[in-house]
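Undergrad: Got a structure here, written out as structure tokens. Questions coming.
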Amino acid sequence: MTTQYGILFKQEQAHDDAIWSVAWGKNKKNGSETVISGSLDDLVKVWKWNDEKLDLQWTLEGHQLGVVSVDISHTGSIAASSSLDAHIRLWDLETGKQIKSIDAGPVDAWSLAFSPDSQFLATGSHVGKVNIFGVETGKKEYSLDTRGKFILSIAYSPDGKYLASGAIDGIINIFDIATGKLLHTLEGHAMPIRSLTFSPDSQLLVTASDDGYIKIYDVQHANLAGTLSGHGSWVLNVAFCPDDTHFVSSSSDKSVKVWDAGTRTCVHTFFDHQDQVWGVKYNGSGSKIVSVGDDQEIHIYDCPV
């Protein structure tokens, strides 16, 4: 029995406002799977994925304004959230308690990402800097300076070597983390870069932009390997599949699309949301996709592996 693409589960009214961010994590100790959602209702919600459904485990309160970005550490034990209140909060996923609140300073920290070793948390800023905080210390350890505009999106490469940032003017920068040097500046888009994602082997970088296009870059040589069109509006999020072959995108055209990175073609489109889809992620095995959007719903889809 091969799995077909299809919607598996729908959590309606998951939040009282638009859901702008989602993450899917797996606890390395006990194997349990967790989905976390961040919403403009100021809340972070922690859901257990069990028996093919989501069960609300915790509602995490603390942010004073909307939550715009969430991530789960690679150990699966800590969640991070950033908000329009300029604070980053770290949460213990086993107790639902806040571990620490980090004042990001007078910056708009729109996007955050755990480093692959879960030791650091990177966040973009409106002054073109990527600030790196220590997860243990909660202090800013160092910054990477793009000398550019407002950074809307960031991503670590899974091998821990690179950090990519996407700015509001469509510029993408790739840093060498070990040296802090700016390796490549990519100018493929003319509009804001909402999201970027590395392939599991860290060889490719996929970018999503308000120009409606998705671009695939060869990281090492900074070559444009492909331009994909298909969404009818802004592309808001992209995430690579653990199978190293597929990636998923979401858009303000209300759709979620699965792409084959090798053939550069769309293999499936989900039209299940009623409004723009802000966040999309794969689970650890690549067999499921989660999406969230302005319709306040969380959707889980089945994917053939």
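Including glycine, each Cβ sits where the backbone N, Cα and C put it.
According to Swiss-Prot, the record shows the following:
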| type | residues | note |
| --- | --- | --- |
| REPEAT | 14-57 | repeat 'WD 1' |
| REPEAT | 62-101 | repeat 'WD 2' |
| REPEAT | 104-143 | repeat 'WD 3' |
| REPEAT | 146-187 | repeat 'WD 4' |
| REPEAT | 188-227 | repeat 'WD 5' |
| REPEAT | 230-269 | repeat 'WD 6' |
| REPEAT | 272-305 | repeat 'WD 7' |
Undergrad: Are there residues at least six beyond either end of the repeat 'WD 3' (104-143) with Cβ under 8 Å to its Cβ atoms? List them, or say none.
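TA: Sequence-remote neighbours of the repeat 'WD 3' (104-143) are 68-75, 78, 80-82, 84, 86-88, 90, 149-160, 163, 165, 167, 175, 180.
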Undergrad: Cβ under 8 Å, sequence separation of at least 6 from the ends of the repeat 'WD 4' (146-187): give me the contacting residues as numbers and ranges.
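TA: That would be 108, 110-117, 122-130, 193-198, 200-202, 205, 207-209, 211, 217, 219, 222, 224.
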Undergrad: Helix, strand, coil: count each for the residues of the repeat 'WD 1' (14-57), based on DSSP.
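TA: Split by secondary structure, the repeat 'WD 1' (14-57) comes out as 0 helix, 27 strand, 17 coil.
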Undergrad: Excluding the flanking five residues on each side, which residues at least 6 beyond the ends of the repeat 'WD 7' (272-305) place their CB within less than 8 Å of a CB in that stretch?
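TA: Residues 2-26, 33, 35, 37, 39, 47, 49, 52, 54, 233-234, 236-243, 246, 248-256, 258.
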